[in-house]
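Novice: Residues or ranges marked as domain 'Aminopeptidase N-like N-terminal' by TrEMBL: 16-201. Residues or ranges marked as domain 'Peptidase M1 membrane alanine aminopeptidase' in TrEMBL: 236-452. Residues or ranges marked as Zn(2+) binding site in TrEMBL: H308, H312, E331. What TrEMBL records for E309 is active site, proton acceptor. Annotation comment: TrEMBL describes Y393 as site 'Transition state stabilizer'. Per TrEMBL, the feature domain 'ERAP1-like C-terminal' maps to 542-859.
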Amino acid sequence: MEQFKGKSRLPSFAIPKRYELDLVPDLSGCKFGGSVRISVDVVSDTRFIVLNSAALSIDSQSVRFRSPQSWFQELSPSEVVLVEEDEILVLGFDEVLPIGEGVLAIAFAGTLNDQMKGFYRSTYEHNGEKKNMAVTQFEPADARRCFPCWDEPAMKASFKITLVVPTELVALSNMPVTEEKVDGLVKTLYFQESPIMSSYLVAIVVGLFDYVEAVTPDGINVRVYCQVGKSDQGKFALDVAVKSLNLYKGYFAEPYALPKLDMVAIPDFAAGAMENYGLVTYRETALLYDARHSAASSKQGVAITVAHELAHQWFGNLVTMEWWTHLWLNEGFATWMSYLAVDSIFPEWNIWTQFLDDSTSGLRLDALAESHPIEVDINHASEIDEIFDDISYSKGAAVIRMLQSYLGASCFQRSLASYIKRYAFSNAKTEDLWAVLEEESGEPVKMLMNSWTKQKGYPVVSLTLKSQVLEFDQTHFLADGSSGDGQWIVPLTLCCSSYNAQKKFLLKTKYDKLDILELLGSPSGKASLFGENSQGIAGGSWIKFNVDQTGFYRVKYDVELAAALINAVKSKQLSATDRYGLLEDSFALCMACKQTLSSLLSLLDAYREELEYTVLSHIITISYKVISVAADAIPGLLDDIKRFFIGILQVHAQKLGWESRDGESHLDVMLRGELLIALAKFGHDITHNEAVRRFEAFLNDRNTLLLPPDTRKAAYVAIMQTVTISNKSGYESLLRIYRETDESQEKVRILGSLASCPDPEIVLEALNFLLTTEVRNQDAVYGLGGVSRNGRETAWKWLKENWEYISKTWAGSLLTSFISSIVSPFSSDEKAEEIESFFSSRITPSITRTLKQSIERVKINSKWRESIRNDHSLGEVVKELSHK
Ligand code: BES
Ligand code: ZN
């Protein structure tokens, strides 16, 4: 017995092959009963069977083991022990079990919980009446809360599910229904047996729904289920789903493995979406799109989410990671593939340029000392949740992109198809993928990629040009300005003065140098770069490294190379991705105190004629950070810095206006929303007055064309800028809209605006509102993101006072987002200490990583703030730039 405790994996003397699972959910009583018969293969001598179970009451008397040798003689265990802390059920028999196949039968019961994990209850309204639905969310390790099982990704088995539910309800599972028996008020649904799959992908949904459907050219029935009366809002996702399925079938040279695909909008949902095999579940905001009420950014979000979850049907569901250490194989690939699919369906969205925001999130997190390698040890189920982070998703996707661009798109696709074929209905590790890629490409993929997935962090490559020799120096980049001890094999790319002159090579050591002549291969190239007889770089020439930002590293140029690139930006010679990259690397170097804020602002000044959505959107992101730290460091210059950013942004805002125009591009629509929000936050008068006027019109008529969904959040934020505790009417109007609407996207917009008010007393009211029953637990996170700078202290005090309740009510990433959103904006060492000391007695394994990362961010902000105070040319530069 004792020997099974405290282990990270189940013992492997019995392996599950097939589950027959019967469940009877009681929606009004919020409980369920069930029984399971599991065919297992006993592969070595044992008296014990050990499987997972959590929060279930097991009927000990019901447990039986039958083997073909003793078909009529059923064995009952003499010991049935639930080890709560390890979430295992240990069955001890008096005799050694016969080797070979046997069937384990167990009856059990459980509660439909409110935690959005395991088998849980979600609520909705139908004809004014509050109703319950029953939903499962098993990833990463919560199938064990619904039925006893071998709850590990490598323990694949087939599932034959039977549900007994009220006759009027829709009940869905991974496979189609083969038979339905109605018996008065209840019906029994028999689902077809599934192919072998991992337990975390099993799913059940029971409730009232409408649906829309389509059939793929291969005859696969695809449906989108949503709340009764809203099925029109499922049409967009349905279309994306059908197109994605087709695309992936071609890309992987392997058809979708199941006979149907259902996608369901769930009103209470912890993540954004979940790729259950054949039954994908979503938050409403991630699946539903309504042309009248949804913003263009929501439309894009739906497309990306659907494409992501459907990529998992191959990468994840058909071929599954062997253990959670390889989670990134699932999430990194699905993220990368979603861009591939969306780019093909909506080429006009320039989605690969937008992908850089994903890479940037990876680069930001991975620059912390408290980051972790892509392949991370997992020793306990409670550690899995925290690795669904920007390392597994964004860095994962970015290193895939880096490898793809190094090996070439067609070689990469061929290798992936053969990987999928080789490991279909099975499991794989990271090195299995490298092996296939190495075979197909003949390149040293394993050696190259180990340096990216087995150690945390990434390099900054510093470049100096001395006497026509380029010198490289890679160091482990850390956001606080120090350097780590990592070293990488860096697939470097560069181009000289034109995208036609590109080179690539592997930087394998810390230092390296290259003769520019060798690099360009011809004396004429040299001449064009340097000019005749010149030592330095010629006017008009430039060298850009990390071409199109496909590499996961940063570049630091020497003064001369940097100046040449600024000219290239001004003379519009760089691609949008390279303009983005140059700016982002400069910004990161500036935060790490390796470059002054004045030089960053001068670089930004070169972007006055920028037109690309993603680049402008990134300028906005950077402006928020700069303004926030400037407010702490140099309050006297704050107004001028704001004026500088307003100057860059308002030209575009003026051009785009507030209303939609026929035929305008998706990217312009998204840009308009972001620009107006930024201008509203910076207190731009014209924007504010216009927002007030349009908001009034919207209050009188929710269908007014004066305030389309894409500009609504900007109006809400603008309104909140002038609300005070003694004049709350704007705040109250927003609450009224919140209460009247049944659109989740509208509710989210409002929640994200309320706490942006500069009056701390209003911030407190907004935060308290998040804890009321009017806000679903899944949505509180939206309210935390928008807290104004003036509201920081209030929010921190509020978090401390409510921590006990919050830590009991939320879990996983929903809980950690309370910490990261409220803690990270501070910028002083004293605050970091105060935060550390508050949590020292409240720390738990599930918040440890996020807490350390958030405190590290506060310390980084603090250093940055100090360095800005010491930037003596800043005042002059800001004055000059802000009056242009
Ligand atoms: N497998 C995840 C869902 C998940 C996340 C389960 C965390 C358990 C813990 C799913 O495929 C996913 O990645 N969803 C994303 C959406 C996607 C578009 C990035 C999400 O939920 O944010
Ligand atoms: Zn995913």
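Cβ coordinates are placed from backbone N, Cα and C, and glycine is handled just like the others.
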Novice: Rounded to the nearest angstrom, how far is the Cα of E331 (Zn(2+) binding site) from the Cα of Y393 (site 'Transition state stabilizer')?
Specialist: 5
Novice: For the domain 'ERAP1-like C-terminal' (542-859), what is the mean per-residue pLDDT, to the nearest integer?
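Specialist: That region's mean pLDDT is 96.
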Novice: Between the recorded positions E309, E331, whose Cβ has more other Cβ atoms within 10 Å than any of the rest?
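Specialist: Its Cβ has the most other Cβ atoms within 10 Å: E309.
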Novice: Around the Zn(2+) site formed by H308, H312, E331, list the extra residues of the same chain whose Cβ is within 8 Å of the site's Cβ centroid.
Specialist: E275, E309, A311, F315, G316, N330, F333, A334, T335, M337, S338
Novice: What three-state secondary structure does DSSP assign to the residue listed as 'active site, proton acceptor'?
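Specialist: Helix, per DSSP.
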Novice: Near H308 (Zn(2+) binding site), how many other Cβ atoms are within 10 Å of its Cβ?
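Specialist: Counting Cβ neighbours of H308 (Zn(2+) binding site) within 10 Å gives 26.
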Novice: Would you count the other C-beta atoms found within 10 angstroms of the C-beta of Y393 (site 'Transition state stabilizer') for me?
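Specialist: Excluding its own Cβ, Y393 (site 'Transition state stabilizer') sees 24 Cβ atoms within 10 Å.
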Novice: Compile a sequence-ordered list of residues in the same chain as H312 (Zn(2+) binding site), six or more apart from it, whose Cβ lies below 8 A from its Cβ; state 'none' when nothing qualifies.
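Specialist: Listed in sequence order, they are E275, N330, A334.
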Novice: To the nearest whole angstrom, state the Cα distance for the pair E331 (Zn(2+) binding site) and E309 (active site, proton acceptor).
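Specialist: Answer for this pair: 10 Å between alpha carbons.
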